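Database features (Swiss-Prot):
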BINDING   H157, D159, H242  Fe cation binding site
DISULFID  C274-C314  disulfide bond
DISULFID  C281-C307  disulfide bond
DISULFID  C290-C311  disulfide bond
DOMAIN    139-261  domain 'Fe2OG dioxygenase'
DOMAIN    274-314  domain 'ShKT'
CARBOHYD  N96  N-linked glycosylation site
CARBOHYD  N233  N-linked glycosylation site
CARBOHYD  N278  N-linked glycosylation site
TRANSMEM  5-24  transmembrane segment
Amino acid sequence: MDSRIFLAFSLCFLFTLPLISSAPNRFLTRSSNTRDGSVIKMKTSASSFGFDPTRVTQLSWTPRVFLYEGFLSDEECDHFIKLAKGKLEKSMVADNDSGESVESEVRTSSGMFLSKRQDDIVSNVEAKLAAWTFLPEENGESMQILHYENGQKYEPHFDYFHDQANLELGGHRIATVLMYLSNVEKGGETVFPMWKGKATQLKDDSWTECAKQGYAVKPRKGDALLFFNLHPNATTDSNSLHGSCPVVEGEKWSATRWIHVKSFERAFNKQSGCMDENVSCEKWAKAGECQKNPTYMVGSDKDHGYCRKSCKACSS
């Protein structure tokens, strides 16, 4: 099957997983005696996936936006902020031509990146993100922690790429998850200027003028916002244009997880040199898995395996 057709089919399947009849609406559990015969059973908070679909609201189809209330606990939010404090640097943007990270007045926040699986809390949140989005952990970039002080913002932008260099690292960012780590007294809303139903959202004086330019979501500690940057046919979605409105009162902390079409982890490691991509590689190699399971462990020149370093298939 042509890879583009397969990708488009996969995306169509992914985007139809949260089957919801109208916006906004809640994920519901349908009984098995539905008239049309379609049976959709959503698990509750006791789910082994570690997330509760009953807390998810579909906000929009154009772009595809979902809000998860209480995705993070207060302890998780506070832990992320603690990890970031003292390590923040001025936020950068990707140059549209070269793909290099450059400073810009478009983005005035400060931030830092956590390491993947940095500790148990980070690992648990990464697993929960994969369960909610139905996208593999390895497709995600490291989480970025952002801090916005009074007046700081991120003007409307796209999360998909315009340069070839970034596309080589797992392809486009298919989805973005914004996690709010703090409450904001006023401002700091996430705004979607291109949302077709923006006129239906009534806003009082508690919203900033920036937020009134589109459909907007107020930051609330623990909530998470998932939106897709690509259409189901794998083309870029201009409706996903979004920004972070200036903070007017207080401060804003958030965490961002960008998720790619393909494995970001493998593409990044391939560029970085000879590396293992699983913590158990050395143990597996000693057990003879390099010979027993060469496809996974070693791979080929075109499709590298996950344990090339331990299998001595490359030199660091």
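Numbers here mean position along the shown chain, with the first residue as 1.
Heads up, the Cβ atoms here are built off N, Cα and C, so glycines get one too.
Remember, it's a predicted structure, so these values are computed and weren't measured experimentally.
Taken residue by residue, the domain 'Fe2OG dioxygenase' (139-261) breaks down under DSSP into 14 helix, 49 strand, 60 coil.
Each of the disulfide-bonded residues C281, C290, C311, C314 was scored by other CB atoms within 10 A of its CB, and the lowest score goes to C314. Residues in the domain 'ShKT' (274-314) partition by DSSP class (helix H, G, I; strand E, B; coil) as 14 helix, 2 strand, 25 coil. N233 (N-linked glycosylation site) sits 17 Å from D159 (Fe cation binding site), counting Cα to Cα. Spatially, by CA atoms, the binding-site residues H157, D159, H242 include one closest to C281 (disulfide bond), and that is D159. In sequence order, Y154, P156, F158, T176, N229, S240, L241, G243 are the residues of the same chain, not among H157, D159, H242, whose CB sits within 8 A of the CB centroid for the Fe cation site. N278 (N-linked glycosylation site) has D159 as its nearest neighbour among the binding-site residues H157, D159, H242, going by CA to CA distance. Of all the binding-site residues listed (H157, H242), H242 sits in the most crowded Cβ setting, with the most other Cβ atoms within 10 Å.
A distance of 38 Å separates the Cα atom of D159 (Fe cation binding site) from that of C290 (disulfide bond).
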